[in-house]
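If you check TrEMBL, you get these features:
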BINDING   Cys7  Zn(2+) 1 binding site
BINDING   Cys8, Cys35, Cys39  Zn(2+) 2 binding site
BINDING   Cys35, Cys41, Cys45  Zn(2+) 3 binding site
BINDING   Cys140  Zn(2+) 4 binding site
DOMAIN    3-53  domain 'Pre-SET'
DOMAIN    56-180  domain 'SET'
Amino acid sequence: ATLAGGCCPGASRNRFAYNEAGQVRIRAGLPIYECNSRCRCGAECPNRVVQRGIRYDLCIFRTGDGRGWGVRTLERIRKISFVMECVPPQIITSEEAERRGQVYDRQGATYLFDLDYVEDVYTVDAAHYGNISHFVNHSCDPNLQVYNVFIENLDQRLPRIALFATRPIRAGEELTFDYNMH
């Protein structure tokens, strides 16, 4: 499926993941392939959403219930809209993650995020680097859903991790996702 102007959904041979408003239209668990440098389309192509970055006003705040820091939106977010990317601060092998995990466990902190979309080879370590997504808390009833996104890099073991709204989110509401994503 090719759009006018030479646009393509990458190497996926799948339909486009987004509608004209930039909302995700495929179910969670399926990979998203965005247009990349090999496409003839421009920056405003509807198949370039995650790579444009955060478009909402978000803020970090101290939670009132002892969960530390959290992230809330300062404006309404539409259902199935892209909210933020979990910027991979540092990608390490699973062996190195095991070693670091023992240290972090002793500190009582969690910084590791497995990239086991295809096989359990790499892990993200957010201990020292990252963006605002580092402060998004866990919830068993989250308002954000994780999607694996591929843009320039098509290696299935190294997806970019994007968070999309599962429902409309009110201004002032805390953003959460399920750390045990399925």
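Note that Cβ sites are derived from N, Cα and C of the backbone, with glycine treated the same way.
Residue environment of Cys45 (Zn(2+) 3 binding site) contains 21 other Cβ atoms, counted within 10 Å of its Cβ in all protein chains.
Taking all protein chains in view, 8 other C-beta atoms sit within 10 angstroms of the C-beta of the residue listed as 'Zn(2+) 4 binding site'. Put simply, Cys35 is the one of the binding-site residues Cys35, Cys39, Cys140 whose Cα lies nearest to the Cα of Cys45 (Zn(2+) 3 binding site). Predicted-model confidence for the domain 'SET' (56-180) is 81, expressed as mean pLDDT. Highest local Cβ density among the binding-site residues Cys35, Cys39, Cys41 belongs to Cys35, counted as other Cβ atoms within 10 Å over all protein chains shown.
Of all the binding-site residues listed here (Cys35, Cys39, Cys41), Cys35 has the Cα closest to the Cα of Cys140 (Zn(2+) 4 binding site).
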